[in-house]
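Some notes on the structure that comes next.
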């Protein structure tokens, strides 16, 4: 029996021959490689360490000990004296286990890792904050002036019976009312570090952040008025004594009179917001408190005429609180540098936008100009991206971080539904699915009890917001909805300023309780409508070609209306597109659930949308956890 002799093969050829893998193995390898997700840029990612004042430096992943530790070294590490114990031995012994805990990936939110742009706050810290603020149940616990405390119930929150401070108000108001240890105006030290106090207010949407910083600011303005009057009295006495001494020495010399110092165009408090819409909203709240507290306020934006801006800012009576956008204020400060010479408090509302690439140079310029007189710098936002978190740790390492337990979480009273537009009867038609959802909501009855005077003044008007990702689609979607008998309007950057104000007023202002005269007029109008006339109009028998959805108003908008706008009358939000990031999810659904009211969000999911992301957002909302 003879054995088959294999042909001789060169060893060099055998080593150079490619290794053939089964097709299934190579396909799995390719799919795993393509499934790797690119890391999101810092401005689109939420920071994981918002509440931490400092972060420990991470260890280098390079092995210092082992069989390959001596390779690629640029320095000769010659062992001289014997070491007591190596780092590896210390790690094995567990002596440093408490100092360097090993991080473990949570199985929750696997799909959201591509959108992890928010900074998570440890739940231990959230629980500690919750227990800390549990004892504060009334605004009487805060050391506010009596006139400021009275304005909360009469002007800021009128018509509410049981008024209690929200978590961010319980945290922020006492801290913002604390004085600096030295009690001096803010200046810059020799090494460049700011001496003024810095605060970061981070809380969920609709939690009352505006009132949380506005009440301490108004209180500070009234206290500074008393302080300035005392300083003026002392200054007048000093000048009078100096004048008497000069007259005694030189009785016949004429001295020019000094012009009186005016506070026109020199505000004490400046509130910066990114958009003109927020200028109008915050300015209304500031002006409402001024009715009882008595201070001078104003708001300026690009929607106003130059004459109106000049008369507001340079009022001869002076101005105490100014609400503006950064670019407009910076342009005014270039020609009128004294505008920023008396600022003691500076607020950056929606700080994640104001510290972004588009606003950062202008915002930094304003901060540097007000630094000589600044006492407190307040940053306020509902989402803290990683880019903002890193910037604050670099520029303001000593900033006081005031974070609420529900930061980066959507309110529990908001329910999220999903509509698959690929199924029947839509077959991928997103416009048709949106119109069908709106008709279903409009024809359904209200789940919440109606207003006590609804039977007198007429039916309740349902307000619905529809968010799109591109502003070009806002007009197209609104036009399609109008063709289906829906009262829809569009709002984007292309809309005029007058139209923006009129539209936002319908979706932000809640109707006050009707007066007896309004009730009588409504009843009279209803009786006239129910009466049978002697002569019918000519077009009475002509049927309408299009069905109309009654008692429903729809606003199709972009992210222009997703940040800071207080849409209290809105109970339904439709996400026409799946948001790009977790930040957009939080801000768009944050238009609901304000002041502990119920809300409903509906997402239209198509073939190319991330259904796993929407699923995990729903799970996080059900558990009441942050979307990180």
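All residue numbers here begin at 1 and follow the chain in the order shown.
Even glycines carry a Cβ here, placed using N, Cα and C.
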- Task: Name the residue range among 51-109, 110-168 that Swiss-Prot annotates as region 'Disordered'.
- Result: 51-109
- Query: So which range, 349-352, 353-356, 357-360, gets flagged motif 'DEAD box' in Swiss-Prot?
  - Reply: 349-352
- Under an 8 Å Cβ to Cβ limit, what residues of the same chain, 6 or more beyond the ends of the compositional bias 'Basic and acidic residues' (228-253), are close to it? none
